[in-house]
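Remarks on the structure that follows.
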Amino acid sequence: MKNERALVVFSGGQDSTTCLFQALADYSEVEVVTFNYGQRHAAELDVAREITSELGVKHHELDLSLLSQLTSNSLTDHSQSITTNEDGLPSTFVDGRNHLFLSFAAVLAKGRGIRHIITGVCETDFSGYPDCRDSFIKSLNVTLNLAMDYPFVIHTPLMWLDKKETWALADSLGAFDFVRKRTLTCYNGIIGDGCGDCPACELRKKGLDAYIEEVQHT
């Protein structure tokens, strides 16, 4: 796909940064879009700007702060603690987030003549978010194509990878140290290895430890 262009939904976290490095290897031109939705870890906006500036990637930033007016969760309401709800979902789940992100990304992509959209959602080793499921992404892809009469292709390179395999992918792309030290996954806004306690950090560390152990025994 070296003669194609792509738009990466980008947060500056482990997953989207790994997707960005893969996109840079696979496509002739790559742009990214980041969303400001009043997230607890607002530092991710600065991290996204720094990473894209360093890599020389065109960066679009869109304001979706209205999300905090529509739904209550601990990712946009800083007064809430991060817990697990009765339905088993972390309190950090933001209703409609990926639906809106991908819909706005598609509008932007079409306007720029891009049909490939890349997102780092994953169903294998995740927090149970329903909008990270493969069935949702495929359904939305069809809906967006019909809604805008445009041949979008939503790519989910991490969908069936666990966190250990995601670290392995970053390593194969020559980006292991960059992803480990420069990205922000932590819900408490701590770059790199994070706080170690929030759900995002726990998943990241579990995968990192497993990958390092595997490499050491290879």
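Each residue, glycine too, has its Cβ placed from N, Cα and C.
The model shown is predicted, which means the values in this text are computed figures rather than measured ones.
Cβ neighbours of Thr18 (ATP binding site) (same chain, under 8 Å, six or more residues apart in sequence): Gly120, Leu158, Thr166, Leu169, Ala170, Leu173, Ala175, Val179. A helical conformation is recorded for Thr18 (ATP binding site) in the three-state DSSP classification. The ATP binding site annotation in Swiss-Prot covers Phe10, Ser11, Gly12, Gly13, Gln14, Asp15, Ser16, Thr17, Thr18, Cys19, Leu20 and is backed by sequence analysis.
Annotation source Swiss-Prot lists Zn(2+) binding site at Cys186, Cys195, Cys198, Cys201.
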In whole Å, note down how far the CA of Gln14 (ATP binding site) lies from the CA of Cys198 (Zn(2+) binding site).
15
Looking at the binding-site residues Phe10, Gly12, Gln14, Ser16, Leu20, which has the shortest Cα distance to Cys201 (Zn(2+) binding site)?
Gln14
So of Leu20, Cys186, Cys201, which of the binding-site residues has the fewest other Cβ atoms within 10 Å around its own Cβ?
Cys201
Just to verify a number: CA distance, Phe10 (ATP binding site) to Cys186 (Zn(2+) binding site), in angstrom, no decimals.
15
